[in-house]
Amino acid sequence: MSSEKECLENMLNGYAESGRVLSRTSLVINQAVNRSIFTSTVSPAAERIRFILGEEDDSPAPPQLFTELDELLAVDGQEMEWKETARWIKFEEKVEQGGERWSKPHVATLSLHSLFELRTCIEKGTILLDLEATSLPQIVEIVINNQIELGLLKADMKENVTRTLLRKHRHQTKKSNLRSLADIGKTVSSASRLFSTPDNGSPTMTHRNLTSTSLNDVSDKPDKEQLKNKFMKKLPRDAEASNVLVGEVDFLESPFIAFVRLQQAVMLGSLTEVPVPTRFLFILLGPKGKAKSYHEIGRSIATLMSDEVFHDIAYKAKNREDLIAGIDEFLDEVIVLPLGEWDPTIRIEPPKSLPSSDKRKNMYSGGDNLQMNGDAPHDDGGGGHGDSEELQRTGRFCGGLIKDIQRKAPFFASDFYDALSIQSLSAILFIYLGTVTNAITFGGLLGDATENMQGVLESFLGTAVSGAVFCLFGGQPLTILSSTGPVLVFERLLFNFSKDNDFDYLEFRLWIGLWSAFQCLILVATDASFLVKYFTRFTEEGFSSLISFIFIYDAFKKMIKLADYYPINSHFKVDYITQYSCACFPPEPANSSWFNMTTAATTTQFLTNASTDMAYNGTIDWSLLSKKECLKYGGLLVGSNCKYVPDITLMSFILFLGTYTCSMALKKFKTSRYFPTTARKLISDFAIILSILIFCGLDALLGVDTPKLIVPSEFKPTSPNRGWFVPPFGGNPWWVYLAAAIPALLVTILIFMDQQITGVIVNRKEHKLKKGAGYHLDLFWVAILMVVCSFMALPWYVAATVISIAHIDSLKMETETSAPGEQPKFLGVREQRVTGTVVFLLTGLSVFMAPILKFIPMPVLYGVFLYMGVASLNGVQFMDRLKLLLMPPKYQPDFIYLRHVPLRRVHLFTFLQVVCLAMLWILKSTVAAIIFPVMILALVAVRKAMDYFFSQHDLSFLDDVIPEKDKKKKEDEKKKKKKKGSIDSDVEDSDCPYPEKVPSIKIPMDIMEKEPFLIDSKPSDRENSPTFLERHTSC
């Protein structure tokens, strides 16, 4: 290995020695290492870049650069000063011509000629790498002395150049909108434009919004204006500066060029707009008359410094040739737009997602992520999980469980202090309301299905106990446990079976729970969770989409049921209000209109004065009863107005749809243009809570009697016929205890499928979880909690897909310092145990918060249900493909799979997924819903059968490739091919293999050498010079 490295270094040194001669006759453009069609050798520049970027280095990655372009300009007709005219982090921002503001960030458009001239500047100028200096005067002194020694600058020019480089610096700063009258007066008095071009072509500057500082006092500390600059929020803490100084002077006959990289980044006073240390300096001073050329060269070097690949090369370069090779690489990747088809003055908006530079870097650093000859499978980062460490079968007793514990134990402490964020509070409130609503809904349905043997209070207690324990000790604390539809169906069938056969329902259920928990523990001990690797995107998206559709369907179903209970009287007419009436009459018209008070007194208390007066006679007038009381005691409502319900349904739908719409709008508020970034992020984090508060307030303000949240106010079992502990023996024959193992097997399949599919969805690669999964540990705790819930006659709990996805979405983290114009990058999810634990503790305490919770309208919570269902469908590929069915091909988005898979195959795949989803929906809506988990398992078989209808190439883009037994063998073969294959950055877009050798293209630069560098040349000279084809007819 060392001999190969020495060989490469010798070759690079040979290139360095001949670099100047070569560069003066030709421009080597690296064609992504192997693009040339004329030669089969690797270009020296490409080898150089590969050596630079592929070098093993234990030092941290180079920091982010802030690049500032300062130009030498006359301000208000006064002395020449350095004026900041543009800046870069990722995108270019210019000072607008009015001088009042910065432009919007935009993609820097450069002229190809300025890039060529920049390359020549690096060739001919002074290059000082790893210079040890602590101040700007010291840097300037070293640079000037170096130029004098090399004969590039006359000694008598030293004083003039030094004085020019140490002139005042003015930075563009933002001022408050609330300015004083004096400031306004100054602005009016200096109405000249920022770039007004006089006869000599030298721009002059206005005096507005400028901060001026002289560096003659050699102050290395940032001034107050720098420290107050809010632009620092856009930069990471370890950011460094790259300063570009360009301008024209009247005392130079040839350009003064220098590129400096300091050994250590140094604070150079107020040289930079923001108080960050300077690492790079590029200086270009030239004769008068070419200010525009200097400006464009300055923009070119500044843009290169913001390019990730050249940025790394600039930090690692060891000599001039390394920098030239970096420019050549940039020129190879640059795109040229025809002048007649594009206006260069148009500012290109930054893209929503930036292309990754990893492909360019790996192309030279020899990364493992390269595709060779197009035979590597597709992986877009969200692919399969067959190679996941958590799903490797150990072959030992409880081996997977032990590994899960070892993997999660080091993070246990951090799982608590990582929750210290305001975002955690918003997640707690959001998930709490969703969990409470879910507990009440399923508790009510469970009470109806089991004649209140399990009800709302049991649902609250079971949710609190199971959820809190799981979040504290489970393998994936981001997973939220809840009751599910299949469990509810099983409970209903089990209760009816027990009732028909005179079995003790709770005892029978206890034994089923014990058997199921035992079977789950067997699955844990045998590492059965490795089967999860066969759950591909097809299965996961089918399951998650179905649950999301159920949430959406149930939300509308509940609202329609509410509309039936509070019907709209469409025949009501305001003009006929005098004719509308409603009265309560006794059940038997033959009797007196008086009713025995003693019957009523045992069940209700009348609050009217009239009833109190009549209590002495022991009777009450029927006409004084309310509608509910009248119906309760068998009375008759007579009148045309008895069915009129004022505005409840309409108001409920307003609250329902309003909560959903407001939640969606506020959640997207983070990317809006209103308010500062911090305010937008805060509003987005608390979107659901704000929506609930807004519409709860609206409901209270209007005073319409909409149905409210009903929470149990007493801590006791719903049914008086049961306690908090179920005795295991005595209620059923002995053989029932053994027979319970058969239905328990069905429950085990249900629990295993629900838990593991939700776990797979939560742990997908696109969520960027860093603390690892714990499939075996999750199933272990679900089994233990099933035992506890069975003994306490509480509902069984398993991972809830939609609420878990909502929990993850509420904890997503993005970069706090994103460059202007750059979309915040998704960093991952705030992995911790606090939010889930607090949510479930609050759920248990909700019994004592009934006086507060009773003010929340149910339609508002149904709106939250709708939001959770719709939000969990975002980013699901199945939904994207479903929309393609309604789009003409020319309007379809540029999805990666549409580039590689024929559209008819995409539609066929979607159609099969829709058919499977429809069958699952029909199944869950019938009595056969008890075998729902088995049908989910059948999706894996359906996906396996697709291998006979779709090629592996198509499935690699539309789905995940199912793991194979001989995968390791195939990977070894692939690595052998990689050693023999060629590297191509565009191989993924082409099915044609490229030559094995790596060529280069050399474009002669004689035309540019014929022109004097950066000084006037006559048009006639250029016209008489031979063209490229004339001098190279052999080509």
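For all residues, glycine too, the Cβ spot is worked out from N, Cα and C.
The topological domain 'Cytoplasmic' annotation in Swiss-Prot covers 1-421, 527-540, 667-681, 764-775, 812-833, 875-916, 943-1035 and is backed by similarity to another entry. Marked as region 'Disordered' by Swiss-Prot: 192-222, 348-389, 968-1035. The compositional bias 'Polar residues' annotation in Swiss-Prot covers 192-217. Feature annotation from Swiss-Prot assigns compositional bias 'Basic and acidic residues' to 376-389, 1007-1035. Here Swiss-Prot flags 422-446, 457-475, 477-497, 506-526, 541-564, 649-666, 682-701, 736-763, 776-792, 794-811, 834-850, 858-874 as transmembrane segment. Here Swiss-Prot flags 447-456, 498-505, 565-648, 702-735, 851-857 as topological domain 'Extracellular', drawing on similarity to another entry. Residues or ranges marked as intramembrane segment by Swiss-Prot on the basis of similarity to another entry: 917-942.
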Legend entry - Residues in the topological domain 'Cytoplasmic' (812-833) grouped by DSSP into helix, strand and remaining coil: 0 helix, 7 strand, 15 coil
Legend entry - DSSP-assigned states of the topological domain 'Cytoplasmic' (764-775) in counts, ordered helix, strand, coil: 4 helix, 0 strand, 8 coil
Legend entry - DSSP residue counts for the topological domain 'Extracellular' (851-857), split into helix, strand and coil: 3 helix, 1 strand, 3 coil
Legend entry - Any contact, the transmembrane segment (736-763) to the transmembrane segment (457-475), with at least 3 Cβ pairs under 8 A: no
Inset, instruction - Flag the pair the transmembrane segment (457-475) / the transmembrane segment (506-526) as in contact if three or more Cβ pairs fall under 8 Å (sequence separation 6 or more). - result: no
Legend entry - Annotated stretches the transmembrane segment (506-526) and the transmembrane segment (649-666) touching (3 or more Cβ pairs under 8 Å): no
Legend entry - Local confidence of the prediction over the topological domain 'Cytoplasmic' (527-540), expressed as mean pLDDT: 77
Legend entry - Recorded stretch that, among 541-564, 794-811, 834-850, has the most CB pairs under 8 Å to the transmembrane segment (858-874): 541-564
Legend entry - Intrachain residues whose Cβ lies under 8 Å of the transmembrane segment (834-850), provided they are six or more past its termini: 415-416, 419, 424, 427-428, 431-432, 435-436, 439, 457, 460-461, 463-468, 470-472, 477-480, 711-715, 807, 811
Legend entry - Long-range environment of the intramembrane segment (917-942) - Cβ separation under 8 angstroms, sequence gap at least 6: 485-486, 489-490, 493, 534-536, 538-539, 542-543, 545-546, 549-550, 746, 749-750, 752-754, 757
Legend entry - the topological domain 'Cytoplasmic' (875-916), counted residue by residue under DSSP: helix, strand, coil: 30 helix, 0 strand, 12 coil
Legend entry - Long-range neighbours of the topological domain 'Extracellular' (498-505), counting only residues six or more past its ends (CB under 8 A): 450, 453, 731-732, 736
Legend entry - Range from 477-497, 541-564, 682-701, 776-792, 794-811 with the greatest count of C-beta pairs under 8 A to the transmembrane segment (422-446): 794-811
Inset, instruction - Would you kindly list the residues that approach the topological domain 'Cytoplasmic' (764-775) from elsewhere in its chain, counting only those six or more residues past its ends and only Cβ-Cβ distances under 8 Å? - result: 381-383, 385, 388-391, 400, 404, 407-408, 411, 414-415, 474-476, 478, 529, 532, 540, 756, 808, 826-829, 831, 875
Legend entry - Three-state composition of the topological domain 'Extracellular' (702-735), taking helix and strand from DSSP: 3 helix, 1 strand, 30 coil
Legend entry - Number of helical, extended and coil residues in the topological domain 'Cytoplasmic' (667-681), per DSSP: 10 helix, 0 strand, 5 coil
Inset, instruction - Six or more residues out from either end of the transmembrane segment (776-792), which same-chain residues have a Cβ under 8 Å from its Cβ atoms? - result: 398, 400-401, 403-405, 408, 461-462, 465-466, 469-470, 473-476, 479, 481, 509-510, 512-514, 516-518, 520-521, 523-524, 527, 529, 724-726, 728, 751-752, 755-756, 759, 798-799
Legend entry - Per-state residue totals over the topological domain 'Cytoplasmic' (527-540) - DSSP helix, strand, coil: 11 helix, 0 strand, 3 coil
Inset, instruction - For the topological domain 'Cytoplasmic' (875-916), find every same-chain residue at least 6 residues outside the stretch whose CB is under 8 Å from a CB in it, and list them. - result: 378, 380, 537-538, 541-542, 544-545, 766, 939, 942, 946, 949-950, 953-954, 957-959, 989
